[in-house]
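S.K.: Sharing a structure here in structure tokens format.
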């Protein structure tokens, strides 16, 4: 599945946002299809009850049971910065081939510095994923070596927070190697990553070889190891997740302390901390479950919030008051601000996005720029002849785009997820 086609979000996500649109920033002027925007905005501060209703609706669309409350976690650590590189790559694609998908800055709260952490292979993994998660190393203290001449480091990652129904399509362990000038200047290292199968008291753990790399001691940069198979095993069997073990040896078999080999551990700079990243794709069973329950949940939420009907009425009054004569079906501005909702502590990017909405008349005769369907044309003719029998066609989105959201979960892991049908690209009569 292409990254721009996430099926996990409901096809009518824009409806839940349209209902309380007067609470956001709604433009009353025309929006032409060539993106020439001339608009005025309604601004007012959300009341507490309105804010809670808005938050509940959008959290439902995002597939989150509650508002994440991450622990204090630096946004400039290596894992969030890597995820931001992926987010930026996605944002470029979502802007459309003409680069005019969004009239508002589709940007993060902060930006990466220096060369990108994400590789071309990571970008390739994105094309078959609808969610990406990064995981921080949970090991705080290294165990004592049972063999004085065998050096290794251990890493452990919590995969218990992965949403149900998500399958791992690719997973990587990433660790940074600094340039070293002394002692091993002309050496070649063999760096090996193992899965810990079983731990023992008094002797070394049972290990399973996952991946290895041969590098020069003078090399510098991120080392990436494939751990896809073991990650899938951990997701299915969480009790078997005993972590990873890394060792460094010279070509003649001498064990080297990873720190002396230039490998950065948990005490190194924040932007060089080791981490794990996994790419996920929702299974078909999970997608069907989302489709069947998503609409029910949002319907229940709206039935509990009668103010949404009042929101629709006020939005209609505001629209009608802007002009004595109703305008033809067109796209209008609607900007959703995550910052205004007070979510800047857990949503890394974007600060908000331009959702837009469709509004206007579908009256006879229908012009070509109205993108009317054949059925809408026939319905318009019948309505023109007998308006009391058949209503006019409705102004609705004809093209919808996806957005990417980058955020922390409760465990301070970073999640990058695609949500389809969140941005109106074009409107027409249906």
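Placed from the backbone N, Cα and C atoms, the Cβ positions cover glycine too.
Because the structure is a prediction, the values reported are computed rather than measured.
Feature list, courtesy of Swiss-Prot:
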DISULFID  329-395  disulfide bond
DISULFID  358-427  disulfide bond
DISULFID  362-429  disulfide bond
CARBOHYD  186  N-linked glycosylation site
CARBOHYD  301  N-linked glycosylation site
CARBOHYD  320  N-linked glycosylation site
CARBOHYD  371  N-linked glycosylation site
REGION    290-310  region 'Disordered'
SIGNAL    1-29  signal peptide
S.K.: In angstrom units, rounded to an integer, how far apart are the Cα atoms of residue 358 (disulfide bond) and residue 429 (disulfide bond)?
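M.R.: Their Cα atoms are separated by 10 Å.
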S.K.: Under a three-state reduction of DSSP output, how is residue 429 (disulfide bond) classified: helix, strand, or coil?
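M.R.: The residue in question, residue 429 (disulfide bond), is strand (DSSP, three-state).
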S.K.: Should residue 371 (N-linked glycosylation site) be counted as helix, strand, or coil on the basis of DSSP?
M.R.: coil
S.K.: Mind giving me a neighbour count for residue 358 (disulfide bond)? Other Cβ atoms within 10 Å of its Cβ, every protein chain shown.
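M.R.: Neighbour count, Cβ to Cβ under the 10 Å cut-off: 23.
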S.K.: List the Cα distance (Å, whole number) between residue 429 (disulfide bond) and residue 395 (disulfide bond).
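M.R.: Per the Cα atoms, residue 429 (disulfide bond) and residue 395 (disulfide bond) stand 5 Å apart.
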S.K.: What recorded positions among 186, 362, 371 are found with a C-alpha within 10 angstroms of that of residue 427 (disulfide bond)?
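M.R.: Of 186, 362, 371, within range: 371.
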S.K.: So if I measure Cβ to Cβ from residue 395 (disulfide bond) and keep only same-chain residues at least 6 apart in sequence, which ones fall under 8 Å?
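M.R.: Those within reach of residue 395 (disulfide bond), by Cβ under 8 Å and sequence separation of 6 or more, are 329, 330, 358, 359, 360, 361, 362, 427, 428, 429, 430.
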S.K.: Using Cβ atoms only, which residues of the same chain lie under 8 Å from residue 186 (N-linked glycosylation site) while being at least 6 residues apart in sequence?
M.R.: 217
S.K.: Around residue 329 (disulfide bond), how many other CB atoms lie within 10 A of its CB?
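M.R.: Excluding its own Cβ, the number within 10 Å is 27.
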